[in-house]
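What TrEMBL records for this protein is below:
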type: BINDING; residues: Gly114, Trp115, Thr116, Gly117, Thr118, Gly119, Lys120, Asn121; note: ATP binding site
type: DOMAIN; residues: 284-341; note: domain 'Torsin-1A C-terminal'
type: SIGNAL; residues: 1-26; note: signal peptide
Amino acid sequence: MKLWWGALRAALGLALLPPLLRPASAVEPISLGLAIAGAAASALTGFISYPRLYCYFRECCLQRHDQRAAAALQENLERKLFGQHLVNKVVVKAVKGFLNNSNAKKPLALSLHGWTGTGKNFVSKIVAESIYKRGLQSKYVHQFVATLHFPHADSINLYKDQLQSWIRGNVSICPRSLFIFDEMDKMHAGLIDSIKPFLDYYEFLDGVSYRQAIFIFLSNAGAEKITELALDFWRDGKTREDIQLTDIQNALSVSVFNNKNSGFWHSTLIDRNLIDYFVPFLPLEYKHVKMCARVEIESRGYTVDEDILTRIADEMTYFPREERIYSDKGCKTVDAKLDYYYD
């Protein structure tokens, strides 16, 4: 009895130790103390393993099974993202295929492009939530904002060193780390190239494999090209759903590569084909604004008022000036407008 209790206390003690006090190998607890914890857990339930016991108290790397994560991603995008058939198709296929590939040759790199309010941040949030229960709050999800984390042009060399160290350290702890780079169009030219080695086809770099990591880049760059294509389809009498990824992806990558304010200007990430998908977010229409408002009202627990939906959509401004097809802020200000109508 004493042996059983001592083993259980040892397992719980390791699980509850603060990170800085825990042995280094306990950061990824798959093997540490397996025999001791397994014996204690088996005595308690007969089949609870140490990793499961540890993860009950603390968040773990690879917390969700990859198939479950892919299913959650698909369900949430289909239910919560409007007017973005290309995004739904590309992101689900890319992330699902990557998560289920046990022998990936490189990390997954997605570059999301479009106007503000079209859903780029929302999609990156859903990807994070699909893989980790705590989503963007997970210690294995790392979000960088160009104007906040890399504000000074004269500090680029310092930023490069810090960024490389941060990525190397976190992937060493958790191979399935997720890195999100927001405001790429405000990133200093050349800075993002510092992570090129981590996105390349290396099996190991200094003993670390980056092949399970995911990198997502968010940018307004290329939005003009996307809108131009959408308008061309509309003027030809086609629907937005007629647009295929092949209609825009190459033109989008070239546009971003040659844009000095894209963060990817003449970037080796594009030149070496290390970005797996350039994902276009189409400008949102009147009907999509109403859909966004409806979901937000329901999420607040209010009864949907069709009159309020119409008023919110009518208050938005649309472009081009004559046709007034697309919301110039997407769904970005819907939440604030609802505050006015619902106390």
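Numbering starts at 1 and runs along the chain as it is shown here.
Heads up, the Cβ atoms here are built off N, Cα and C, so glycines get one too.
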Once Gly114, Trp115, Thr116, Gly117, Thr118, Gly119, Lys120, Asn121 are set aside, which residues in the chain still have Cβ within 8 Å of the Cβ centroid of the ATP site?
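Checked against the 8 Å cutoff, the neighbours are Phe122, Asn220, Phe281, Gly330, Lys332.
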Please give me the CB contact count at 10 A for Asn121 (ATP binding site), counting all chains in the structure.
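Its Cβ has 17 other Cβ atoms within 10 Å.
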Are there residues of the same chain, six or more positions away from Gly114 (ATP binding site), whose CB falls under 8 angstroms from its CB, and which are they?
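Listed in sequence order, they are Lys120, Asn220, Gly222, Ala223, Ile226, Pro280, Phe281, Leu282, Pro283.
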Could you break down the residues of the domain 'Torsin-1A C-terminal' (284-341) into DSSP helix, strand and coil, giving a count for each?
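When I sort the residues of the domain 'Torsin-1A C-terminal' (284-341) into the three classes, I find 32 helix, 5 strand, 21 coil.
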If you average the pLDDT over the domain 'Torsin-1A C-terminal' (284-341), what number do you get?
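Across the domain 'Torsin-1A C-terminal' (284-341), the average pLDDT comes out at 93.
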Taking the Cβ of Thr118 (ATP binding site) as the centre, how many other Cβ atoms fall within a 10 Å radius?
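Looking across every protein chain shown, the total is 31.
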Long-range same-chain neighbours of Gly119 (ATP binding site), Cβ under 8 Å, sequence gap at least 6?
Leu81, Phe82, Gln84, Val87, Phe281, Gly330, Cys331
